[in-house]
Every structure is written in structure tokens, then in C-alpha cells.
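Colleague: Okay, so TrEMBL annotates it like this:
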type	residues	note
DOMAIN	1-135	domain 'Nrap protein'
DOMAIN	141-279	domain 'Nrap protein'
DOMAIN	284-444	domain 'Nrap protein'
DOMAIN	459-663	domain 'Nrap protein'
DOMAIN	665-820	domain 'Nrap protein'
DOMAIN	822-955	domain 'Nrap protein'
Amino acid sequence: MPREIFQDKDNLNQRYHRKRALYLAHIAQHFSKEKLFGSVKFAYMNSNHLKPILLLRPQGKDEKMVTVRLHACPAPGLFKPIRFYPSKNNVRTAWFMEQSTPKEGATEPPTPHYNNSILCDTVLLSHLQFLSSAATDFPGMKDGLALLKVWLNQRQLSKGLGSFSGFLASMLVAYLLMKRKIVKMMSGYQVLRSTLQFLATTDLSVTGISLVKDADASLPVLDDFHQAFEVVFVDPSGLVNLCADMTASKYHQVQFEAKRSMEILDDRMVDGFQVLLMTAKPMLRAFDHVFHLKHVSKLQGACKKMQLLNELMDRGGNYVAAALPFIVSLLARGLAGRALLVAHSLPEIPEWPIDAEPPKHKDVGPLMFGLLFVPEFAASLLEKGPQADHPEALDFRTFWGEKSELRRFQDGSICEAVVWEADTVYQKRLIPEQIVKHLLKLHADIPESSICYMGALLESVIRTGQEVSGTGEEAMVSVVCSYDDLSRKLWNLKGLPLTVTAVQGVHPALRYTDVFPPIPMKPIYSSYNRIRTKHLLLPLEEKPCPAYIAPLKIVCHMEGSGQWPQDKGAIKRIKAAFHLQLAELLQQQHQLVCRPAVTHTDVYKDGYVFRLQVAYHRETLILKEVVTPEGMLKYQDTEESRQLELETLHLPYLTSSLHGLQQQHPVFGSTCRLAKRWVSAQLLSNNISEECVDLLVAFLFLHPAPFTPPSSPQVGFLRFLDLLATFDWKNNPLIVNLNAGLTDADCTEIKNRFVAARSRLPVMFIATPKDQWSSMWTQEQPSAQILQRLLMLASESLRAVEEQLMDPLNSQDVKMVFRPPLEFYDVLIHLNPTQIPRHLESVDRPLKSFSRGVVKNSTSVKILFPVVDYDPVQCYLQELRDAFSDLALFFYDKHGGEVIAVLWKPLSFQPQPFKVSSMKGRMVTTLNSELVCVPNVEAILEDFEVLGEGLVKSVEARTEKWTI
């Protein structure tokens with residue numbers, strides 16, 4: 001800009017900024033008439049509203065490719081630098097407050113951000129020269145910076161007001177070069193590593209750095225900058241702070257990310273490149289809880305309440321920029337000890353056409369905050385303050401307001417303390433929400449209605465029953481306690497011919513991952529038909545189907561002995577005898593109601609039904625014996641031996657490993673339950689095993705890179721969907737390193753063998769320490785088509801949920817992704833709700849519920865045994881699959897779904913030559929004067945109704961696809 005347009009004292013009261021804006025507007029008007037440009041727009045430099053810049057784009061198809069940014073800067077030597085030191089004032093209070101005369105004797109506050117914004121314009125050229133001299137003869141700098149910028153972009157750190165921009169990264173690399181932390185011989189990767197290492201170990205909000213080579217006594221020192229700004233990085237002129245707009249919290253986030261990235265680069269088990277540079281870290285998936293400040297305009301009131309007039313003057317009236325650092329440090333103090341990190345999104349203002357009104361401060365849209373928890377302390381009920389007679393007690397009281405009260409502790413001390421209300425695990429997880437809302441209301445006048453807290457919106461789908469407060473963690477714990485007690489009783493049973501060597505749980509509830517944990521119950525006799533002689537209850541036809549009672553399966557290993565027979569038939573009989581004897585002894589010694597059967601014994605205890613199954617360790621070996629025609633004995637896997645091995649060896653190991661994982665990560669179980677609820681809601685629970693989903697979720701906790709392990713079920717669920725949708729199932733095995741049982745070499749070997757044998761392996765391959773080569777949980781299921789469907793549903797669900805969680809202004813109906821799209825199926829079989837025992841578990845709570853013939857009760861001892869594991873819908877499905885599996889696939893949500901969806905198999909609709917043996921479900925017709933068989937769809941649909949009489953309400957044919 002030419003000298004002539006400036007006068008003395010243009011450094012004061014935004015005169016420089018306004019002239020600069022006028023100058024740019026004049027140029028913009030001139031350019032808008034030129035044919036050369038496709039578009040001429042305004043934008044703010046780094047979203048700072050005092051500094052507009054001009055964006056020019058060429059005409060035609062290049063418009064999206066090229067943007068020229070015009071910055072206006074003053075002629076060199078126009079301003080004296082000494083006027084803009086951080087401690088100087090250049091905005092007069094009287095002018096800012098629009099008063100005619102200044103107050104007598106009032107001192108003017110310093111305006112460091114304002115001063116910095118003018119100084120930035122005076123050093124643009126010198127920065128360019130400084131960087132180009134650093135980059136000469138240094139090819140690694142260009143590559144290293146490209147990597148660094150990708151790293152910053154993936155973490156959403158590089159755009160907006162106070163961002164860690166690419167320019168800042170370049171200056172940092174130049175600083176490290178000046179300090180000889182980097183040399184010009186280094187490759188791009190080494191530049192990236194050295195820069196991350198520096199960021200991880202240096203806190204610029206405490207010890208700033210400066211690019212000044214020869215210190216001049218007249219320049220401001222680092223301490224002056226620290227008093228004025230939160231983060232300090234001084235440019236080569238010694239006048240400009242390059243991090244002026246950055247909040248300390250944003251720098252701490254950069255520092256945290258750098259530390260995490262260094263750990264990942266040093267971890268041999270992780271593909272660092274893929275994880276650090278190719279994986280995006282949006283706030284929703286990176287932080288355990290997020291919340292939005294819906295109406296940014298509420299920060300005006302916050303500035304009043306916090307008395308931030310000086311900051312507002314300094315920031316030219318931008319109340320978002322003025323209040324944000326204070327809001328964040330307020331939250332960080334309130335959540336200290338609970339949160340590792342309190343981060344905020346960067347306010348970003350979009351560009352606008354030159355003939356439109358410029359955006360207002362509130363146009364940055366909702367501000368988003370992210371909390372990353374310390375899992376051990378995030379949910380603690382107590383904030384313990386200083387002792388009542390200490391001077392800090394007053395400070396504690398003013399900080400927490402009326403929530404603070406005096407309490408006496410067990411050691412006799414009387415302290416200030418804050419106690420939060422929360423009864424269930426679910427409510428304890430939301431204590432940070434109470435803290436955030438309380439502090440923002442108390443100190444910043446931000447009403448609760450302006451805060452949209454997104455910490456646990458999804459968890460409503462795993463709530464059971466009417467009690468709204470919990471999500472079933474307590475029920476899970478009581479099941480496990482009851483099981484522990486039963487296993488102790490089994491260990492100590494007297495009178496068994498052989499002792500029990502191990503008791504192992506196999507049911508998902510015993511590893512905390514059962515979607516709806518069993519609830520202790522006792523039957524109401526009036527709803528049943530009694531068979532007195534056998535102490536049994538049978539459901540009555542005219543009553544609704546009784547509640548589903550899940551048998552909790554337990555494997556009882558008996559000690560080995562020479563007395564065990566070596567014949568498989570005989571072993572089964574001995575086991576049956578053990579089942580009888582166990583029932584008898586438990587009844588005699590512990591008064592437990594038992595019901596023995598040949599393959600198991602059911603035990604009713606504390607309102608639960610446990611199913612004991614005796615195992616003998618050599619039985620699998622005996623089942624593998626095959627006698628060849630030559631009379632040789634050889635061992636090979638049979639279907640029966642595989643099944644037994646799965647039930648008595650692999651499943652107990654998996655259950656105990658995942659039980660251990662739950663002890664380390666308290667939200668593991670709830671995350672699994674959300675994931676399984678989603679799979680089931682998509683009608684796919686029959687096509688992917690529970691164990692498989694549990695292992696996928698375990699992978700997120702054991703190998704969370706580039707994130708930290710989830711500390712809330714919701715963020716775990718979002719990452720589960722992301723893992724499903726983005727993992728390269730075709731070319732990679734998913735290695736879940738349970739109990740750290742695999743070494744680096746093992747993983748490499750698994751990968752190599754996987755690549756060599758890919759075509760023979762299941763489409764979804766999961767390796768664990770005890771199962772490195774066979775991927776037993778995905779052996780049969782899912783098929784390639786089902787996996788494809790699952791991946792598509794996962795990526796769509798993730799997109800939909802994240803869109804809802806990012807949009808606080810609309811109502812969040814997050815259950816949307818738990819409602820399956822049905823237009824994809826050919827036939828829908830509608831069921832009668834009275835006959836669906838788990839009807840209450842459906843995603844949308846049914847309006848009317850039926851009496852299911854049980855009451856909640858965990859203390860009754862003497863009962864008649866109801867029918868266990870009875871779900872008529874599952875029996876019906878089994879009959880359908882047995883009868884029509886060659887013609888159709890059947891899909892159902894086992895948690896209270898009211899619809900069975902049917903998909904015809906396209907191959908079965910091709911006309912087949914007429915054979916008497918293959919006439920099942922087909923009819924004869926003539927095609928080109930030949931007799932052929934085609935499926936008799938109308939008769940099949942009628943069969944669906946006949947088979948499910950009393951259970952099926954109606955059969956709806958959706959498509960005409962099957963007309964030949």
C-alpha cells in the first residue's frame with residue numbers, strides 16, 4: 001500500500017486496519033470487472049476478522065484448482081516498531097466504548113494481539129526470504145513439511161483462528177535447523193521425527209522460543225511475550241509472536257498428539273505410516289466425550305460476566321476469540337484429574353462474495369469441545385478440596401459455588417468438598433457433563449440449554465426395563481458374583497468320585513458383553529401349566545409367551561483318571577451320570593433347585609439359571625480317532641471334535657481373556673454391547689458370531705493407534721463402525737493380541753502365511769495368540785456377500801451418526817442407525833408381539849408390554865422349573881431354514897424384532913430340468929415346450945404362514961422379482 005494513504009497515528013484505534021480493508025475493497029471492485037477472473041471473493045486471514053484478504057480464481061475449469069491470495073501490507077519503514085511492543089496500548093478505551101472524553105487518570109491496558117496483527121503485515125517479505133534460505137540445499141525439508149502438514153490436517157489442527165498452520169510448521173523446522181536439531185543431510189522422515197520429538201518435549205506455553213539470531217537490548221524479551229500471550233514463538237525480527245492467537249489448550253493438544261505419535265513410530269507392531277498419516281482423527285472419534293456450545297453469541301454475556309473488556313478491545317470486539325481461552329482454562333481446572341485433555345474446535349469463518357455482507361462473529365457456527373479422560377478418575381463422585389482453615393479453601397469455594405460444602409473424612413480432617421449425584425455406572429460416566437454445565441453457568445452465564453452434550457446419546461439402545469437410570473452394568477456385576485459363588489460351591493462339593501479341576505464360564509454375560517444381561521427372576525405359577533410330578537412348568541397357550549430365560553453356560557472340567565473309558569459312547573454316559581450326581585449333591589449340600597439332563601444340568605440360583613456341562617480333557621482326542629481300512633489308528637479333526645474343542649477349550653479361554661480386558665478398560669463391555677446391538681438391529685446377528693464382534697471390539701482397545709483406548713462406549717462404537725468400514729479385509733489379517741501373547745515375529749509370520757494362503761481362508765480373518773492360523777470364529781460366517789453388506793451398512797451408519805452428532809441445532813434421533821432399511825428384502829414375515837419373548841428389547845420401546853409370567857426376584861430358593869432357553873421365534877426360524885435354506889435367506893433381529901426379512905437366492909429361480917427328487921417347493925411348468933421346475937412362490941408363502949401359525953401375523957410379499 002502506498003505511503004501517501006497513511007497519516008500519523010494510523011497505528012491507533014483500528015485506523016490502519018480500516019484503511020487496509022478499504023484499499024482491498026477498491027482493488028476487488030476493479031478486478032471484478034476484469035474478464036480474467038472467474039471469481040473474486042473476500043476471506044479473513046486465519047479467520048482473524050481485522051485482516052481481510054482477497055481470493056482470486058481464474059475462469060473456466062481451473063477455477064477449482066488455483067487460488068491467488070492477495071495480502072495488503074504497508075510500505076516498509078512506515079511504522080516505528082517500538083510502538084507495537086506487547087506492553088504498548090494502541091486502542092483507546094474511550095474510543096472503543098464510544099465515550100466522548102476519556103476518564104481522568106485511567107491507565108490504558110496493553111493491546112498485544114492488536115499490535116501483533118499490524119506487525120505481521122510488516123514482516124511478510126522477510127519471512128519469505130528467511131524460509132527460502134533455510135530450504136536451499138535441503139531437499140528433505142520439503143518432504144518433511146509435506147508429511148507434517150498431512151499429519152496436522154488429519155488431526156484438524158491446521159485451519160481456523162489460532163491453528164497450528166503449515167506456515168508455523170515451516171518456521172518451526174527452520175528454528176530446529178538454526179538450533180542444529182536438524183541438519184541439511186536429513187531425509188523427510190527424519191525431519192518429521194525430529195519435529196514431533198521437539199513438539200512432544202517442549203511446552204511453548206511455559207518456555208517460549210525465538211528465531212532472533214543476535215539479541216538486541218531494545219527488543220522485548222520472552223517474558224514480555226509470555227505475559228501477553230498464552231503460547232510464544234517469536235519470529236526472526238524479534239517483534240512478532242507467530243502463535244499469538246493460539247490457546248494454551250490447542251498447543252497442549254498438538255503436544256499430546258506429538259507424544260502419542262512418537263510412541264506409535266517406536267512401536268514395531270504398528271504400521272506407523274498408515275496410522276499417523278493415512279488415518280483421520282475427527283474430534284468425534286478422538287475424544288471420549290464431546291459437547292457443543294450451540295449459540296456462540298452467548299459468549300458475549302460470558303465476556304461481561306468474566307470482565308473481559310480489555311481482551312475485547314485487544315481482539316477488536318471478537319467475543320469468541322476473547323472468551324475462548326478463559327472458557328477452556330475454566331473447564332481444564334474443573335476437570336483436572338479427570339481429563340488428560342480439554343480441547344476445542346477452531347473457529348473458522350467461510351469466504352464470502354464481494355457484494356455480500358461480511359460474516360458476523362456468530363457465523364463461526366457452534367463451537368465444539370472434546371474431553372479425553374483418565375479412565376480411573378473420570379467417574380469419581382468426589383472433588384476433595386483443601387482443609388477448611390487453609391487460605392486456599394476460599395478460592396475452592398468461589399470456584400465451585402454453592403456445590404462446595406464442608407465434609408469430615410475418615411482420617412479426621414475437615415475439608416471443602418464437592419459431591420456429585422450419580423447412582424449407576426451410566427450416570428457416573430456423565431459426571432463430567434454435570435461439571436461442565438455447572439461451571440459454565442456459574443462463571444460464564446452460559447445456560448444449560450446452550451450446551452448440547454453428546455457424551456452418551458447412543459447408550460439408550462442398551463437400556464433394559466423401565467428403570468431409566470442405568471445401562472445394565474450393575475446387572476452384569478451381580479451375574480458374575482453369583483457365578484463366582486457357584487464355582488466356589490462346585491470346587492468344594494463333597495462326595496464326587498472325581499474332583500472338579502476347573503470351572504469356566506462361557507456365556508457372554510460372564511465376560512460383560514451380553515447385550516441385555518439376564519435379570520434375576522421367579523416364575524408366576526398362574527401363567528403356567530404345572531406338571532407336579534416332575535416339578536416343571538409349561539407355558540399356557542392362551543397366555544403371552546413367557547419371558548426368555550437365558551441359560552448361563554458353565555464348563556466343569558473333571559480330573560483325569562485311569563477309570564475314564566476310552567470309548568466315545570461310554571464317555572457320554574459317564575458324563576450323564578456326573579450331571580445327575582452334580583444335581584443331587586448341589587441340592588443336598590446347598591439346597592439349589594437343579595434339573596439334570598443327559599448333556600447338562602440346569603441350576604437355579606439367585607434368580608439366574610446356570611447350565612453346567614461336564615468336560616473331560618481327553619474326550620476331544622478320542623473323538624479325533626479314525627480307524628483306516630488297514631486297521632491303523634490315526635487322528636484327524638472331525639466336525640464333532642472341533643465343536644467340542646470350541647466349547648470346552650477355546651470359548652472359556654476367550655471369555656476369561658475378555659473378562660480380564662474388562663478389568664483394565666471399564667467401558668469394554670458396554671462398547672461390545674452397543675456393537676452387537678447394532679449388528680443385531682441390522683438383522684445380521686445370525687451371520688456373524690458374537691465372539692467375532694467381541695474380538696473386533698477388543699482390537700480397538702488393544703491396538704487403538706492413532707487414538708488412545710476408548711473411555712466411553714459411544715466413541716468405542718464409532719471406532720468399531722470405522723474399523724469395519726475401512727479395514728482392508730481382503731489383503732490383511734486382523735491380529736488381536738490378547739494378553740500380549742504374540743511377538744513381533746509371530747505377527748510377521750501370520751501376515752506372510754495369510755498372503756500365501758489367502759484364497760483358502762475365510763473372508764474375514766481374525767488371528768489371536770491361541771488361534772493363529774484357523775480364524776475359528778469366522779470360519780463359516782460371514783460369507784463374502786454378507787461381509788460386503790456389513791461394510792456398506794457400517795460406513796453409512798457411521799456417516800449418519802457423525803452427521804447427527806456434529807449438528808447440535810437439530811434434534812438428535814441417533815436411534816436412526818439402529819433401524820434397518822427393509823426395502824432391500826423380497827418378503828417380510830410380520831410376527832405377533834405377544835409371542836415374542838424379548839419384545840421389550842427392541843430399539844424403539846413398544847407402547848404396550850405384556851405380562852410375561854415372571855417377577856424380578858433374586859432371593860427365592862424353592863421354585864418349579866420353567867422352560868429354559870425358549871424363544872418361539874428362534875424355533876420358527878430354525879424350521880424355516882431347515883425347509884427353505886436352498887431357496888432363501890432369513891434375517892431377524894433377535895432382540896425383540898417384529899419382522900423376519902426374507903431374501904430369495906437368485907440361483908434357485910433359474911428353471912431346472914424336471915426331476916422327481918428335486919421337487920421340494922417347486923412346481924412344473926413348460927418353457928419352450930420343455931418341462932421345467934420353478935419355485936412355487938405362492939405355495940411357499942402359504943407354507944411360511946402354516947409353519948408359524950399363532951406366531952405369524954401376516955406375510956407381505958414386497959417385490960415381483962421372482963416372476964420367471
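The backbone N, Cα and C atoms fix where each Cβ goes, and this holds for glycine too.
Describe the structural context of these features.
Modeller: Residues of the domain 'Nrap protein' (1-135) grouped by DSSP class, helix first, strand second and coil last, total 60 helix, 18 strand, 57 coil.
Confidence for the domain 'Nrap protein' (141-279), expressed as mean pLDDT, is 89.
According to DSSP, the secondary structure content of the domain 'Nrap protein' (822-955) in residues is 34 helix, 38 strand, 62 coil.
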Colleague: Test of understanding: applying the rule of at least three C-beta pairs under 8 Å (pairs 6 or more apart in sequence), is the domain 'Nrap protein' (822-955) touching the domain 'Nrap protein' (284-444)?
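Modeller: Per Cβ check, the domain 'Nrap protein' (284-444) does not touch the domain 'Nrap protein' (822-955).
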Colleague: Could you count the residues of the domain 'Nrap protein' (141-279) that DSSP puts in helix, in strand and in coil?
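Modeller: Its residues divide into 73 helix, 5 strand, 61 coil.
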Colleague: Counting Cβ pairs closer than 8 Å, which of 141-279, 459-663, 665-820, 822-955 has the most of them with the domain 'Nrap protein' (1-135)?
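Modeller: It is 141-279, which has the most Cβ pairs under 8 Å.
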